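Just below is one structure, and these are the notes that go with it.
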Amino acid sequence: MKLCVALDMASKEANLALAHELSGLDVWLKVGLRAYLRDGAKFIEELKGVTDFRVFLDLKLYDIPNTMADAAEVIAKVGVDMINLHASSGTHAMRTVMSRLNALPSRPLVLAVSALTSFDESEFSAVYNENLAAAVRKFSVMSYEAGLDGMVCSVFESRLIKDTTSTDFLTLTPGVRPFGESADDQKRVADLSAAKEQGSDFIVVGRPIYESNEPREICERILGKI
């Protein structure tokens, strides 16, 4: 299991300072929509310049197939190591993206978002008119058959996805509160032991690290447990 640290702070300077503080640790860095819109591809270059960090660019692509493929190709050429898109964009869109990326000399890992961890069962049903677990199964099969590398899901769906597809199909799980911290705006959260039990390949941790006075120490504690 790998730790992915969310760089969700309010300024590029704060995010870069955290990256420098974590230099040398075996962690991934997650760059979200706000940071990328504000700081652009140059920010990715700066992160890569700190040390040999691998970067997950969390933009959750969702559009018509060719537009998604165009965007994915541009993102891949920025040099990130993982990207994501919405499974609900459909099988054709996901296959179009993978066909485009597989034609490149190298490509990032591509994960599909099943259901945002800010959704609970009732909110998900109101949007998709479907049971959460059933939808996750459907989305995981669609993504697996489209040739993606894995899924973004809650800890509680990780084992379900692997049982439905393959143990090699990656799961990245946001909403992890390693030591029982507040859930904030997440609904389906879990701790480290649950993430390990459910077979998560990547865990995303943000606030418990960057809101700490000792973020490197928190990362080291997490790494020691995974």
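Including glycine, each Cβ sits where the backbone N, Cα and C put it.
Within 10 Å of the C-beta atom of Lys60 (active site, proton donor) sit 16 other C-beta atoms, taking all shown protein chains into account. Annotation source Swiss-Prot lists active site, proton donor at Lys60.
Residues annotated as substrate binding site in Swiss-Prot: Asp8, Lys30, 58-67, Thr117, Arg177, Gln186, 206-207. Mapped onto three states, the DSSP output places Pro65 (substrate binding site) in helix.
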Position of peak Cβ density within 10 Å, selected from the binding-site residues Pro65, Gly206: Gly206
Integer Cα-Cα distance in angstrom, Gly206 (substrate binding site) to Lys60 (active site, proton donor): 17
Fewest other Cβ within 10 angstroms of its own Cβ, chosen from the binding-site residues Asp8, Leu59, Thr117: Leu59
